[in-house]
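To start, the structure under review is shown below, and the notes come after it.
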Ligand SMILES: CCCCCCCCCCCCCCCC(=O)SCCNC(=O)CCNC(=O)[C@H](O)C(C)(C)COP(=O)(O)OP(=O)(O)OC[C@H]1O[C@@H](n2cnc3c(N)ncnc32)[C@H](O)[C@@H]1OP(=O)(O)O
Ligand SMILES: Cc1cc2nc3c(=O)[nH]c(=O)nc-3n(C[C@H](O)[C@H](O)[C@H](O)COP(=O)(O)OP(=O)(O)OC[C@H]3O[C@@H](n4cnc5c(N)ncnc54)[C@H](O)[C@@H]3O)c2cc1C
């Protein structure tokens, strides 16, 4: 009908999809949230945020960096007021920041500045700084990376030279490359920073240590004398990470009291004597471990948002087919669309469960550290580094894949996907470049294997390496497709591939005269072995999760299908490694692919239910394509007319630029 700007097709499509779902979506929401009580808290907070006009984010992609940072300060201040007025718990306050959904200085204040003080400050220092930080009487950031060095933390150049005559450290940036560069919240918001600098006393360099430095006045926010500080500029894409004031910082012989050295790991006496506390130096990396654990949890959240948008839109969108009064085919019914979409859906759940496990592992190591038990620290480091690496790499890639799955409309900012990608993609770099982090895992694997060589079995996530002799010699026994649908069969395949890849690396290193040179030479193989090991962890934790009780009808059955989608998809995507290590034959691989296709058929009627179970509000998704009601086209049309370019009928550039050319051409052609 001409002039009718409504379109019932989208809402009808999603209603129909929801009527086909075979499991209890409400029960799955509880599984996803991690329990009934947690779901209730999350529902309350996400509704609170969605209904608060200060947290509106619709216009964000069109705003410049300056405005975005100002608005993010407004949102942070408003959020802090809410925490206080409603007497929120720390968890509730974190959820508010989470659903506000915008990177900002407060993330670094709460997420790194405070944890760094907790992890590296003495009790006395914590008593002094934490109440100030928790009341936000000071705002802090984490100033580690410099213009010249990020990954190589030991290469940092900022100096902190102890002056015993004044009982002070003198902070100084000796070169251009020593400029602190990147710290979030540093550019415009922070009054204080945890600064990583080389501790020099009595003429000796003791390496990188953490100091608290005040950088801006608490009266008027101007930089303190000797401090040069500012923002480093616009990043990557509109919206995205531009709500954050990533900064630069230089010190010109700035004096701070001796007590501002965070002294849990080492102290300097008044006389300038350096004294180690006996704690392992790795504790100095504690804030990074904590944020990496957090990032692993976040991956499932970002992935689930992207796949919600792509799944709902794929059910609404129709292309080809139809005729004879029949509608065209929903793009979600194309097998190629399913083969790209459903593994992402399954990965969201897989990452959620490994994130849950990561939280327990992290809490356990924190409890141990309290009683000076450092035994599990290397494993926690390897797990946080490795899982951070593979979960963020996959999530970033998959957000982009979801955008492509949404065709042209995915490229519009109103799809929510470009902004989601812009905000997420730096997580592949920050908190450790993903390649560098895989090397840390590889080193851990090589150490674990050398333990096996010495007759000692590794524990925890590397325990399977204790069976390396069997895993390296016994090949897969699958003869019929259905045999793939077995947790143990799948897990063994992943363990065998990882053990064989790690074993091959260890052999090469054993033969090499120079270990470090060999590590560099075979670094690609090391990275592959590390990735394979991390996939063992995810598959293992998903399988373990499946042993638990699940509420509601059909939830366990569909999660089981997702387990096999996740794992069989990985096997087919990494087929070269499963084949080249000799564990699988090409016939067995073909059988795995058949089973994967069969699993896709089981996911299909449940796809919209599975994304509904994430429980994302329309505010949180910020996407017209992913709207809960499926009313996509009328809202895309409406949004186009909200575009500021359409505020005037004739473009502002017409008079100065277009009109003269058009008039000129007109005269030339004498029309
Ligand atoms: C929305 C609401 C919620 C908000 C919630 C807050 C979230 C918050 C948002 C954050 C938003 C982003 C904010 C980005 C913030 C940055 O990006 S901060 C900067 C992060 N920078 C990095 O990650 C640098 C990466 N580099 C490194 O981690 C290290 O330098 C490297 C690569 C591990 C090398 O370290 P190294 O000391 O030179 O050398 P290495 O010999 O390899 O290591 C020494 C020993 O320490 C161990 N080790 C190394 N690292 C560790 C570690 N981390 N732990 C334990 N042991 C370790 C090694 O295993 C080794 O052990 P041994 O073999 O000697 O037994
Ligand atoms: C948005 C954002 C926010 C950030 N926030 C903060 C913050 O709050 N505080 C802070 O201190 N820092 C922050 N950072 C800095 C961040 O932690 C570093 O950028 C990150 O650790 C990577 O280090 P780099 O930049 O030195 O990369 P580089 O190490 O220079 O990496 C460049 C390339 O070299 C490769 N490479 C480097 N070394 C090796 C090697 N040994 N072997 C093989 N390949 C290698 C890397 O894989 C990569 O491909 C932030 C960065 C970003 C992008």
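For all residues, glycine too, the Cβ spot is worked out from N, Cα and C.
As given in TrEMBL:
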DOMAIN    24-139  domain 'Acyl-coenzyme A oxidase N-terminal'
BINDING   145, 184  FAD binding site
DOMAIN    285-446  domain 'Acyl-CoA oxidase C-alpha1'
ACT_SITE  431  active site, proton acceptor
DOMAIN    487-663  domain 'Acyl-CoA oxidase C-terminal'
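TrEMBL feature annotations superimposed on the structure.
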residue: 145; record: FAD binding site; Cβ within 10 Å: 18
residue: 184; record: FAD binding site; Cβ within 10 Å: 26
residue: 431; record: active site, proton acceptor; Cβ within 10 Å: 23
### Query
So how many of the residues in the domain 'Acyl-coenzyme A oxidase N-terminal' (24-139) end up helix, strand or coil by DSSP?
90 helix, 0 strand, 26 coil
### Task
Write down the Cα-Cα distance for residue 431 (active site, proton acceptor) and residue 184 (FAD binding site), rounded and given in Å.
12
### Summary
Expressed in Å to no decimal places, the gap between the Cα atoms of residue 145 (FAD binding site) and residue 431 (active site, proton acceptor) is 10
### Message
Over the span of the domain 'Acyl-CoA oxidase C-alpha1' (285-446), how high is the average pLDDT in this prediction?
### Response
95
### Query
Where does residue 184 (FAD binding site) sit in the DSSP three-state scheme?
coil
